[in-house]
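Single-structure report; data block below.
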(Lines of atoms letter the chains of each structure in order from A and count residues from 1; the text may use other names and numbers.)
(Lines give C-alpha, C1' and ligand atoms only; values in the text may rest on other atoms or scores of the structure.)
Protein backbone atom coordinates (compact mmCIF):
# COMPACT_ATOMS: atom_id res chain seq x y z
CA UNK A 1 0.00 0.00 0.00
CA UNK A 2 1.29 3.47 -0.85
CA UNK A 3 2.47 5.80 1.87
CA UNK A 4 -0.08 8.19 3.39
CA UNK A 5 1.43 11.48 2.19
CA UNK A 6 1.16 10.65 -1.52
CA UNK A 7 -1.84 8.66 -2.64
CA UNK A 8 -3.74 7.72 -5.75
CA UNK A 9 -7.43 8.63 -5.49
CA UNK A 10 -10.09 6.16 -6.60
CA UNK A 11 -12.12 8.82 -8.46
CA UNK A 12 -11.61 11.94 -10.56
CA UNK A 13 -12.98 14.55 -8.13
CA UNK A 14 -9.60 16.21 -7.47
CA UNK A 15 -8.16 16.62 -10.95
CA UNK A 16 -5.91 19.66 -11.55
CA UNK A 17 -6.89 22.48 -13.95
CA UNK A 18 -5.75 22.15 -17.58
CA UNK A 19 -5.13 24.59 -20.42
CA UNK A 20 -8.31 25.16 -22.46
CA UNK A 21 -6.51 24.84 -25.82
CA UNK A 22 -5.51 21.21 -25.26
CA UNK A 23 -7.13 18.61 -27.49
CA UNK A 24 -8.71 16.08 -25.11
CA UNK A 25 -8.40 12.49 -26.33
CA UNK A 26 -9.80 10.87 -23.16
CA UNK A 27 -11.39 12.60 -20.15
CA UNK A 28 -11.08 9.88 -17.48
CA UNK A 29 -8.21 9.17 -17.23
CA UNK A 30 -7.19 12.51 -18.69
CA UNK A 31 -5.18 12.31 -21.91
CA UNK A 32 -4.63 15.41 -24.02
CA UNK A 33 -2.22 17.01 -26.47
CA UNK A 34 -1.60 20.56 -27.69
CA UNK A 35 -2.50 21.98 -31.09
CA UNK A 36 0.15 21.36 -33.75
CA UNK A 37 1.18 25.00 -34.17
CA UNK A 38 1.38 25.51 -30.40
CA UNK A 39 3.69 22.52 -30.05
CA UNK A 40 6.42 23.82 -32.37
CA UNK A 41 6.10 27.48 -31.39
CA UNK A 42 9.05 27.05 -29.00
CA UNK A 43 11.99 24.70 -28.49
CA UNK A 44 11.09 24.24 -24.81
CA UNK A 45 7.45 23.21 -24.47
CA UNK A 46 5.52 25.30 -21.90
CA UNK A 47 4.34 23.10 -19.03
CA UNK A 48 0.66 23.90 -19.66
CA UNK A 49 0.99 22.79 -23.30
CA UNK A 50 2.97 19.63 -22.55
CA UNK A 51 0.95 16.53 -23.44
CA UNK A 52 -0.86 14.80 -20.56
CA UNK A 53 -0.72 10.99 -20.46
CA UNK A 54 -2.43 9.31 -17.53
CA UNK A 55 -3.73 5.85 -16.64
CA UNK A 56 -5.82 6.78 -13.60
CA UNK A 57 -6.82 9.69 -11.33
CA UNK A 58 -4.01 12.18 -10.61
CA UNK A 59 -2.35 11.42 -7.25
CA UNK A 60 -2.71 13.81 -4.33
CA UNK A 61 0.05 14.83 -1.91
CA UNK A 62 -1.30 15.89 1.47
CA UNK A 63 1.95 16.74 3.23
CA UNK A 64 5.27 17.29 1.45
CA UNK A 65 7.15 17.08 4.76
CA UNK A 66 6.13 13.44 5.21
CA UNK A 67 6.82 12.38 1.62
CA UNK A 68 9.58 9.86 1.02
CA UNK A 69 10.56 7.33 -1.61
CA UNK A 70 11.51 3.81 -0.52
CA UNK A 71 14.43 2.08 -2.22
CA UNK A 72 14.23 -1.71 -1.96
CA UNK A 73 16.30 -4.68 -3.04
CA UNK A 74 19.35 -3.50 -1.09
CA UNK A 75 21.61 -5.84 0.90
CA UNK A 76 21.01 -3.92 4.12
CA UNK A 77 17.24 -3.71 3.72
CA UNK A 78 15.08 -0.92 2.28
CA UNK A 79 16.06 2.74 2.66
CA UNK A 80 13.72 5.71 2.84
CA UNK A 81 14.79 8.97 1.24
CA UNK A 82 12.94 12.24 1.75
CA UNK A 83 12.73 14.90 -0.94
CA UNK A 84 15.29 16.88 1.08
CA UNK A 85 17.69 13.91 0.95
CA UNK A 86 17.40 13.86 -2.84
CA UNK A 87 17.69 17.65 -3.13
CA UNK A 88 21.00 17.55 -1.22
CA UNK A 89 22.55 15.56 -4.07
CA UNK A 90 24.06 17.47 -7.02
CA UNK A 91 21.29 18.93 -9.18
CA UNK A 92 21.35 18.35 -12.92
CA UNK A 93 19.26 20.00 -15.62
CA UNK A 94 18.65 17.70 -18.57
CA UNK A 95 16.73 18.85 -21.64
CA UNK A 96 14.88 15.81 -22.92
CA UNK A 97 11.87 15.08 -25.09
CA UNK A 98 9.26 12.68 -23.76
CA UNK A 99 7.14 11.01 -26.42
CA UNK A 100 4.22 8.69 -25.83
CA UNK A 101 4.68 5.40 -27.67
CA UNK A 102 1.16 5.93 -29.02
CA UNK A 103 2.00 9.19 -30.79
CA UNK A 104 0.29 9.24 -34.24
CA UNK A 105 -1.93 6.28 -33.26
CA UNK A 106 -5.01 7.85 -34.89
CA UNK A 107 -3.22 7.86 -38.24
CA UNK A 108 -2.24 4.20 -37.83
CA UNK A 109 -5.84 3.30 -36.96
CA UNK A 110 -6.98 4.64 -40.34
CA UNK A 111 -4.97 1.86 -42.01
CA UNK A 112 -6.43 -0.85 -39.77
CA UNK A 113 -8.13 -0.41 -36.41
CA UNK A 114 -5.90 -0.51 -33.33
CA UNK A 115 -6.60 -0.42 -29.58
CA UNK A 116 -5.67 2.52 -27.40
CA UNK A 117 -6.16 6.23 -26.83
CA UNK A 118 -6.16 8.09 -30.14
CA UNK A 119 -3.33 10.61 -30.59
CA UNK A 120 -2.53 13.05 -33.37
CA UNK A 121 1.14 14.04 -33.88
CA UNK A 122 1.52 16.00 -30.61
CA UNK A 123 1.81 13.32 -27.90
CA UNK A 124 5.27 14.62 -27.03
CA UNK A 125 6.98 17.63 -25.55
CA UNK A 126 10.46 18.94 -24.83
CA UNK A 127 11.31 20.15 -21.32
CA UNK A 128 14.30 20.90 -19.12
CA UNK A 129 14.04 18.52 -16.19
CA UNK A 130 15.79 19.31 -12.92
CA UNK A 131 16.73 16.77 -10.29
CA UNK A 132 19.27 14.26 -9.02
CA UNK A 133 20.83 11.63 -11.24
CA UNK A 134 19.53 8.18 -10.39
CA UNK A 135 23.15 6.99 -10.40
CA UNK A 136 23.87 9.41 -7.52
CA UNK A 137 20.75 8.33 -5.61
CA UNK A 138 21.68 4.66 -5.95
CA UNK A 139 25.25 5.52 -4.95
CA UNK A 140 23.85 7.07 -1.79
CA UNK A 141 22.31 3.73 -0.82
CA UNK A 142 25.34 1.64 -1.69
CA UNK A 143 24.98 0.77 -5.38
CA UNK A 144 28.06 2.09 -7.23
CA UNK A 145 28.10 3.65 -10.69
CA UNK A 146 28.30 1.25 -13.65
CA UNK A 147 26.82 -1.68 -11.72
CA UNK A 148 25.31 -4.24 -14.11
CA UNK A 149 24.35 -6.74 -11.41
CA UNK A 150 24.28 -6.50 -7.62
CA UNK A 151 25.80 -9.21 -5.34
CA UNK A 152 22.25 -10.47 -4.69
CA UNK A 153 21.49 -10.74 -8.43
CA UNK A 154 19.62 -7.49 -9.08
CA UNK A 155 19.75 -6.50 -12.75
CA UNK A 156 16.83 -4.08 -13.16
CA UNK A 157 15.52 -0.96 -11.43
CA UNK A 158 11.74 -0.82 -11.06
CA UNK A 159 9.90 2.47 -10.59
CA UNK A 160 6.56 2.15 -8.77
CA UNK A 161 3.97 4.92 -8.66
CA UNK A 162 0.92 5.39 -6.41
CA UNK A 163 -1.72 5.91 -9.08
CA UNK A 164 -4.63 3.47 -9.38
CA UNK A 165 -4.74 1.90 -12.83
CA UNK A 166 -7.58 -0.30 -14.07
CA UNK A 167 -5.05 -2.35 -16.05
CA UNK A 168 -3.29 -3.19 -12.75
CA UNK A 169 -6.67 -4.00 -11.12
CA UNK A 170 -6.45 -0.77 -9.16
CA UNK A 171 -2.76 -1.18 -8.40
CA UNK A 172 -0.01 1.29 -9.25
CA UNK A 173 1.72 1.96 -12.54
CA UNK A 174 5.20 0.42 -12.66
CA UNK A 175 8.03 0.00 -15.15
CA UNK A 176 11.72 -0.85 -15.08
CA UNK A 177 15.02 -0.12 -16.80
CA UNK A 178 18.28 -2.12 -16.77
CA UNK A 179 20.48 -1.51 -13.71
CA UNK A 180 23.44 -0.72 -15.96
CA UNK A 181 21.49 2.18 -17.48
CA UNK A 182 20.28 3.39 -14.07
CA UNK A 183 23.82 3.47 -12.63
CA UNK A 184 25.45 5.06 -15.69
CA UNK A 185 25.83 8.83 -15.09
CA UNK A 186 26.09 9.42 -18.85
CA UNK A 187 22.59 7.99 -19.36
CA UNK A 188 21.22 11.06 -17.53
CA UNK A 189 18.39 9.13 -15.85
CA UNK A 190 16.92 11.57 -13.33
CA UNK A 191 14.74 11.60 -10.28
CA UNK A 192 13.22 14.93 -11.25
CA UNK A 193 11.48 17.43 -9.00
CA UNK A 194 11.48 20.35 -11.44
CA UNK A 195 10.22 20.94 -14.97
CA UNK A 196 11.30 24.05 -16.88
CA UNK A 197 12.72 25.57 -13.70
CA UNK A 198 9.54 25.17 -11.66
CA UNK A 199 8.32 22.60 -9.17
CA UNK A 200 6.65 19.70 -11.01
CA UNK A 201 2.92 20.15 -11.60
CA UNK A 202 0.60 17.34 -10.46
CA UNK A 203 -0.10 16.25 -14.04
CA UNK A 204 3.62 15.72 -14.59
CA UNK A 205 4.54 13.73 -11.51
CA UNK A 206 4.67 15.99 -8.44
CA UNK A 207 6.56 15.66 -6.21
CA UNK A 208 9.06 13.25 -7.81
CA UNK A 209 9.26 11.33 -11.06
CA UNK A 210 11.69 9.33 -13.14
CA UNK A 211 13.00 10.77 -16.39
CA UNK A 212 14.53 8.15 -18.69
CA UNK A 213 15.88 10.12 -21.68
CA UNK A 214 15.75 8.46 -25.07
CA UNK A 215 13.16 5.85 -24.04
CA UNK A 216 9.42 5.85 -24.71
CA UNK A 217 7.51 7.99 -22.23
CA UNK A 218 6.00 4.93 -20.55
CA UNK A 219 9.33 4.28 -18.77
CA UNK A 220 9.48 7.74 -17.13
CA UNK A 221 7.23 6.86 -14.20
CA UNK A 222 5.48 9.70 -12.33
CA UNK A 223 4.53 10.11 -8.65
CA UNK A 224 7.26 7.84 -7.33
CA UNK A 225 6.55 5.74 -4.26
CA UNK A 226 9.17 2.99 -4.52
CA UNK A 227 12.31 2.16 -6.47
CA UNK A 228 13.20 -1.53 -6.27
CA UNK A 229 16.28 -3.33 -7.53
CA UNK A 230 15.00 -6.63 -8.91
CA UNK A 231 16.35 -9.70 -10.71
CA UNK A 232 14.00 -9.69 -13.70
CA UNK A 233 12.41 -6.79 -15.53
CA UNK A 234 9.19 -5.42 -14.06
CA UNK A 235 6.24 -7.79 -14.35
CA UNK A 236 3.76 -4.91 -14.40
CA UNK A 237 1.04 -4.71 -17.04
CA UNK A 238 2.67 -1.82 -18.91
CA UNK A 239 5.92 -3.78 -19.28
CA UNK A 240 4.49 -7.22 -20.03
CA UNK A 241 1.12 -6.71 -21.73
CA UNK A 242 1.48 -3.31 -23.36
CA UNK A 243 4.06 -1.15 -25.17
CA UNK A 244 5.54 -4.03 -27.13
CA UNK A 245 6.10 -3.92 -30.89
CA UNK A 246 4.45 -6.80 -32.77
CA UNK A 247 4.52 -7.46 -36.52
CA UNK A 248 1.46 -6.61 -38.66
CA UNK A 249 0.48 -10.32 -38.82
CA UNK A 250 -0.30 -10.50 -35.09
CA UNK A 251 -3.89 -9.84 -33.98
CA UNK A 252 -5.81 -10.21 -30.71
CA UNK A 253 -6.56 -13.86 -31.48
CA UNK A 254 -2.95 -15.00 -31.89
CA UNK A 255 -0.94 -12.58 -29.73
CA UNK A 256 1.58 -14.08 -27.29
CA UNK A 257 2.89 -11.21 -25.17
CA UNK A 258 5.91 -13.11 -23.86
CA UNK A 259 7.42 -13.41 -27.35
CA UNK A 260 8.42 -9.73 -27.39
CA UNK A 261 10.61 -7.59 -25.15
CA UNK A 262 9.20 -4.36 -23.70
CA UNK A 263 9.88 -1.36 -25.92
CA UNK A 264 12.59 0.94 -24.55
CA UNK A 265 14.27 3.37 -26.99
CA UNK A 266 11.99 5.00 -29.49
CA UNK A 267 12.87 4.94 -33.19
CA UNK A 268 13.44 7.83 -35.59
CA UNK A 269 10.36 10.07 -35.85
CA UNK A 270 9.28 13.34 -37.48
CA UNK A 271 6.05 15.19 -38.20
CA UNK A 272 4.85 18.40 -39.81
CA UNK A 273 3.05 20.70 -37.36
CA UNK A 274 2.52 23.91 -39.38
CA UNK A 275 -0.28 22.30 -41.41
CA UNK A 276 -3.22 20.02 -40.79
CA UNK A 277 -3.47 16.68 -42.63
CA UNK A 278 -5.71 18.32 -45.23
CA UNK A 279 -5.01 22.02 -45.75
CA UNK A 280 -6.50 24.44 -48.24
CA UNK A 281 -3.98 27.12 -49.17
CA UNK A 282 -3.35 29.86 -51.71
CA UNK A 283 -0.68 28.97 -54.31
CA UNK A 284 2.74 30.41 -53.54
CA UNK A 285 5.41 30.00 -50.90
CA UNK A 286 4.48 28.36 -47.61
CA UNK A 287 6.48 27.45 -44.51
CA UNK A 288 6.64 23.79 -43.55
CA UNK A 289 7.69 23.32 -39.91
CA UNK A 290 7.73 20.49 -37.40
CA UNK A 291 9.90 18.28 -35.23
CA UNK A 292 12.26 15.32 -35.56
CA UNK A 293 13.76 13.12 -32.85
CA UNK A 294 15.32 9.73 -32.26
CA UNK A 295 15.79 7.54 -29.22
CA UNK A 296 18.90 6.45 -27.35
CA UNK A 297 20.57 9.86 -27.64
CA UNK A 298 20.97 9.61 -31.41
CA UNK A 299 21.08 12.98 -33.14
CA UNK A 300 19.16 14.09 -36.23
CA UNK A 301 21.44 14.05 -39.26
CA UNK A 302 18.89 15.16 -41.83
CA UNK A 303 15.27 16.18 -42.27
CA UNK A 304 14.06 15.61 -45.82
CA UNK A 305 11.06 17.39 -47.33
CA UNK A 306 9.20 16.46 -50.48
CA UNK A 307 6.67 18.73 -52.17
CA UNK A 308 5.57 16.14 -54.73
CA UNK A 309 4.48 13.18 -52.61
CA UNK A 310 7.95 11.66 -52.22
CA UNK A 311 9.27 11.73 -55.80
CA UNK A 312 11.99 14.31 -55.04
CA UNK A 313 13.49 15.64 -51.81
CA UNK A 314 15.39 18.58 -50.36
CA UNK A 315 16.76 19.27 -46.88
CA UNK A 316 15.02 21.37 -44.26
CA UNK A 317 16.85 23.69 -41.87
CA UNK A 318 17.33 22.04 -38.44
CA UNK A 319 17.62 23.93 -35.18
CA UNK A 320 17.33 23.67 -31.39
CA UNK A 321 18.48 26.75 -29.46
CA UNK A 322 18.29 30.23 -30.95
CA UNK A 323 21.65 31.48 -32.22
CA UNK A 324 23.38 28.10 -31.79
CA UNK A 325 23.93 25.91 -34.84
CA UNK A 326 22.57 22.40 -34.36
CA UNK A 327 25.14 19.68 -35.02
CA UNK A 328 24.23 16.08 -34.16
CA UNK A 329 26.52 14.81 -31.41
CA UNK A 330 28.08 18.22 -30.70
CA UNK A 331 28.47 19.29 -27.08
CA UNK A 332 26.41 22.42 -27.81
CA UNK A 333 23.43 20.31 -28.89
CA UNK A 334 20.95 18.59 -26.57
CA UNK A 335 21.37 14.88 -27.31
CA UNK A 336 18.11 13.80 -25.64
CA UNK A 337 15.95 16.51 -27.20
CA UNK A 338 14.02 16.97 -30.39
CA UNK A 339 15.19 19.05 -33.33
CA UNK A 340 12.80 21.52 -34.91
CA UNK A 341 12.85 22.08 -38.66
CA UNK A 342 11.65 24.65 -41.19
CA UNK A 343 11.54 24.75 -44.96
CA UNK A 344 9.99 27.00 -47.58
CA UNK A 345 7.97 25.22 -50.24
CA UNK A 346 6.62 26.78 -53.45
CA UNK A 347 3.15 25.36 -54.00
CA UNK A 348 1.73 25.71 -57.52
CA UNK A 349 -1.22 23.33 -57.30
CA UNK A 350 -2.71 20.41 -55.38
CA UNK A 351 0.09 18.31 -53.93
CA UNK A 352 1.32 16.21 -51.02
CA UNK A 353 4.01 17.47 -48.65
CA UNK A 354 6.03 14.69 -47.00
CA UNK A 355 8.66 14.67 -44.27
CA UNK A 356 11.13 11.96 -43.22
CA UNK A 357 14.11 12.18 -40.91
CA UNK A 358 17.45 10.38 -40.70
CA UNK A 359 19.34 9.95 -37.42
CA UNK A 360 23.07 9.77 -36.71
CA UNK A 361 23.01 5.97 -37.10
CA UNK A 362 21.44 6.39 -40.57
CA UNK A 363 18.11 5.02 -39.39
CA UNK A 364 15.33 6.38 -41.61
CA UNK A 365 11.56 6.38 -41.27
CA UNK A 366 9.61 3.72 -43.19
CA UNK A 367 7.56 4.90 -46.13
CA UNK A 368 4.22 3.30 -45.31
CA UNK A 369 2.16 2.84 -42.17
CA UNK A 370 1.27 -0.69 -43.28
CA UNK A 371 4.86 -1.85 -42.74
CA UNK A 372 4.83 -0.78 -39.06
CA UNK A 373 1.16 -1.43 -38.25
CA UNK A 374 0.67 -3.25 -34.95
CA UNK A 375 -2.42 -4.06 -32.92
CA UNK A 376 -1.57 -1.61 -30.10
CA UNK A 377 -0.86 1.25 -32.47
CA UNK A 378 2.54 2.14 -31.06
CA UNK A 379 5.62 3.62 -32.73
CA UNK A 380 3.93 4.94 -35.85
CA UNK A 381 7.03 6.39 -37.47
CA UNK A 382 6.09 6.27 -41.15
CA UNK A 383 6.58 9.29 -43.42
CA UNK A 384 4.24 12.07 -42.34
CA UNK A 385 2.11 13.29 -45.25
CA UNK A 386 0.09 16.47 -45.62
CA UNK A 387 -2.41 16.85 -48.46
CA UNK A 388 -2.54 20.40 -49.85
CA UNK A 389 -5.44 21.72 -51.91
CA UNK A 390 -4.34 24.89 -53.69
CA UNK A 391 -7.14 27.23 -54.61
CA UNK A 392 -6.37 30.57 -56.32
CA UNK A 393 -9.66 32.03 -55.04
CA UNK A 394 -8.64 31.70 -51.38
CA UNK A 395 -8.67 35.13 -49.77
CA UNK A 396 -5.19 36.32 -48.76
CA UNK A 397 -6.47 37.20 -45.29
CA UNK A 398 -6.91 33.51 -44.45
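The backbone N, Cα and C atoms fix where each Cβ goes, glycine too.
What TrEMBL records for this protein:
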DOMAIN    55-238  domain 'Oxidoreductase molybdopterin-binding'
DOMAIN    261-388  domain 'Moybdenum cofactor oxidoreductase dimerisation'
REGION    1-28  region 'Disordered'
Completion exercise
Counted with DSSP (H/G/I as helix, E/B as strand, rest coil), the region 'Disordered' (1-28) has 0 helix, 6 strand, 22 coil
Completion exercise
DSSP composition of the domain 'Moybdenum cofactor oxidoreductase dimerisation' (261-388), residue counts helix/strand/coil, works out to 3 helix, 56 strand, 69 coil
